[in-house]
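Enquirer: When I checked Swiss-Prot for this same protein, it listed these features:
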TRANSMEM  17-37  transmembrane segment
TRANSMEM  57-77  transmembrane segment
REGION    96-137  region 'Disordered'
COMPBIAS  107-123  compositional bias 'Basic residues'
COMPBIAS  124-137  compositional bias 'Basic and acidic residues'
DOMAIN    175-225  domain 'DHHC'
TRANSMEM  220-240  transmembrane segment
TRANSMEM  256-276  transmembrane segment
REGION    410-443  region 'Disordered'
Amino acid sequence: MARRAADKRVNLAVSRIIPPILIGVFGYASYAITKPLCVDYLIHPAHHYDRRSRSGAGAAILAIYYVLLIPVLATYLRLLYNVVLSPGYLPRGTACTQNQTGSDGSKHRHRRHRRRKSGHHLSKTTEKTDRSDGGDVERGLEYSARAKAYPLDAEGLESFYTKDVFVCQPDGRPVYCSTCCQFKTDRAHHCREVDRCVRKMDHFCPWVGGVVSETSFKFFIQFIVYTMIYCIFVLIVFAIYTAELRREAGRTNVHWIVCLALSSLFGFFTFGVAISSVQLAANNLTTIENLNRRSAVWTLAIRVPRHILSKRWAPTFRTITYPLPPVPPAESEVARESPGGEQHVFAILQTLPGENPFDLGSPLKNIQQVMGFSLLEWLLPIKQSPCADHSSNESAFALGPVVTRLKKEAGLEVSTESESADPVGAAETPQHEQRRGKHRRRN
């Protein structure tokens with residue numbers, strides 16, 4: 001446990017240190033290619049080079065270099081902005097917040113107690129402090145045990161059952177994080193480095209200052225691809241002129257050698273990461289989901305259409321009805337009444353091993369969910385990814401042929417003829433959509 005906490009602190013510290021260092025590397029490369037190479041060697045050669053001026057080559061290299069550097073810096077700054085200020089964290093549950101507040105209060109009481117007893121004998125102070133700590137820790141653990149119990153019915157479920165499809169556990173409830181005391185939205189993952197649940201988390205990357213998630217994965221791909229192109233250009237330029245200088249003068253320039261090494265290192269690194277990231281986007285997967293993609297089985301709660309519920313229906317699969325029944329009240333509590341309005345019935349279905357319900361069936365469509373639908377969105381770090389918009393009534397993320405097949409096999413496909421033949425259901429549908437729309441705006 002202590003080792004894990006130490007690793008977490010190290011990772012967080014490194015993620016704060018590396019971005020300024022990386023920006024410094026870009027600054028050093030800009031100096032090396034501008035002054036020692038283009039100015040002192042090509043445009044106005046120093047006397048010890050004994051060469052004629054090649055202003056055209058120097059100007060062209062500078063122009064291309066800074067044209068390539070601008071998108072690298074722009075995407076990196078946008079990436080840092082999203083990682084730091086819009087990381088895609090899920091809010092912690094009320095119980096977790098109260099637990100954290102209680103823990104802070106315990107620490108404050110302990111500090112006051114220690115100051116109050118500071119004049120006593122050392123052995124007596126130690127004895128009393130230990131006893132006080134034991135009481136505080138015990139109360140904290142007692143509260144944590146209650147807070148981490150899985151809630152039978154809790155606020156926040158509405159954001160799930162107002163959708164048509166959501167990822168659930170075998171009992172039909174959304175996945176629950178006992179650390180954050182919160183239901184996890186589809187594809188969310190708990191990151192141990194930041195101790196928070198993150199929407200569509202891809203990985204924790206110290207190079208970009210934190211967690212890469214649905215809010216930053218697009219800009220991460222743009223930065224990696226632009227940096228790869230930038231490094232290839234720098235590598236080629238310094239390789240050519242380093243070889244020329246060594247061949248004609250029998251020596252090398254230390255700045256050129258350093259930039260040659262850095263561009264080689266970062267070039268090969270970004271090439272591999274770019275290929276991997278584009279492949280993940282083409283398959284509509286995250287790095288975490290890709291770890292067990294060949295064996296993963298997704299459990300989905302899929303809404304049972306009204307026209308099926310209005311008939312005599314004998315399901316061959318498990319179902320769950322929302323809102324859930326009220327929890328039996330404690331002695332000092334009043335039981336919450338179950339909402340007396342519309343009920344939402346969901347079928348609990350599972351995919352086959354290796355199937356991805358979020359794969360849209362086309363690499364291009366999958367990439368568009370990350371990069372956008374126009375060429376400008378692919379090139380410029382301006383708009384957010386379409387997958388970060390969860391306003392659809394169907395699901396938090398776009399769904400693919402796997403879900404369509406599951407609906408068909410379970411007999412849950414919405415029939416237009418059946419809906420039109422059911423005036424009651426047809427009359428209730430707009431009201432249902434309006435109710436869900438109000439909830440979405442409220443969120």
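A Cβ is built for glycine as well, from the same backbone N, Cα and C atoms used for every other residue.
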Enquirer: What same-chain residues lie close to the transmembrane segment (220-240): Cβ under 8 Å, and 6 or more beyond its ends?
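Expert: That would be 29, 33, 37, 61, 64-65, 68-69, 71-72, 75-76, 79, 202, 205, 208, 212, 256, 259-260, 263-264, 266-267, 270-271, 273-274, 277-278, 281, 370-371, 378-379, 381.
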Enquirer: Tell me the residue counts in helix, strand and coil for the domain 'DHHC' (175-225), as DSSP assigns them.
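Expert: Residue counts for the domain 'DHHC' (175-225) by secondary structure: 12 helix, 16 strand, 23 coil.
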Enquirer: As a test of reading the model: what is the averaged pLDDT for the domain 'DHHC' (175-225)?
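Expert: The predicted confidence over the domain 'DHHC' (175-225), as a mean pLDDT, is 95.
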